[in-house]
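Database features, via Swiss-Prot:
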COMPBIAS  118-131  compositional bias 'Acidic residues'
COMPBIAS  140-161  compositional bias 'Basic and acidic residues'
COMPBIAS  235-253  compositional bias 'Low complexity'
DOMAIN    165-238  domain 'Ubiquitin-like'
REGION    53-91  region 'Disordered'
REGION    108-161  region 'Disordered'
REGION    235-256  region 'Disordered'
TRANSMEM  11-31  transmembrane segment
TRANSMEM  259-279  transmembrane segment
TRANSMEM  286-306  transmembrane segment
Amino acid sequence: MIEGLGDEVTVAVGLFILLLAITLAWLSTYVAEGSDPLLGSLIPTGRRDPLLVLSNPVPASPEPQRPAEAQAEKPEEGEQDPGGEQEAGSENANLDQMLDIQGVSKRSHAVPPLREEDGTEQDVTQEDDKEAESPLIVGRKIEQEEEKPLAKEGMTREKPEEALMTVRLKFLNETEEVAMVRPNDTIGMLKSKYFPGQEQQMKLIFQGQLLHDSSQTLCSLHITDNCVIHCHRSQATTPTSSSSPESGGSSQEHTGLTPPIGNLMIPVFVVMLALIWYFRINYRQFFTAPATVSLVGVTVFFSFLVFGMYGR
């Protein structure tokens, strides 16, 4: 450090100089609010808008018009005086604006009543200026407001389309009909919609199972989009009223439910495959290599089909 002085003295002097510099810097940037009378006269306590006052100066009040008789007596003076008075008035107004502080404060006090009277018009013009200054923002808002109803309509259109699914109704004569249903629709609703008046006669078969319970939903039966449901119309007839009781008894005997053919197809096919394999093992000379390969393929395919139907 410095010779002849201790370290503590040097540190203390450095801190004092630092604090003094900070204090001087703060005092140089400090401005007392409201202490200067000139600032108080320039900025009024009411609505402070000096830029608007200076940019829009109040025109000098015109002198009262002279009577018509005086103007008729002195036409030449009336023609010359207004020009000089207007020039003098404009020069005085410019000098007052540039130099006279009190005149500026007075005019600033005189302007607010006019603004209060036309306050609504100024607000409207200010709003129009804001909109003119930001046309991109206004355009974006309009596009957003137009896109909102379109998006809502798109959502309402997409929701029913997403909920619907197609189911193919296949009849015994190899004809098909496409049904538009929902997963929560029941078997009874499907029958009443596409077979009105024939609900009791129509039998629906899906994957070898008879859909006899009308309260079951399509979702609970694992019926998905583009599935095939086999439809069978039974020939059951209602007993007709006749005079003889014998004819009524015979008609009641013939009425009845047809046996479930779909449930018998799988056992019959299993028996047929078993017989073919029996003949293949005992009489090999009658089966060629392609016939054996095709028999193996049919057996494997049928095994996967049965496993898929009853494995769920």
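Yeah, the Cβs are placed from backbone N, Cα and C, and that goes for glycine too.
What you see is a predicted model, and the numbers here were worked out from it, not measured in a lab.
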Counted with DSSP (H/G/I as helix, E/B as strand, rest coil), the domain 'Ubiquitin-like' (165-238) has 8 helix, 28 strand, 38 coil
So which residues does the transmembrane segment (286-306) touch in its own chain, when a touch means Cβ under 8 Å and the partner is 6 or more beyond its ends? 266, 269-270, 273, 276-277, 279-280
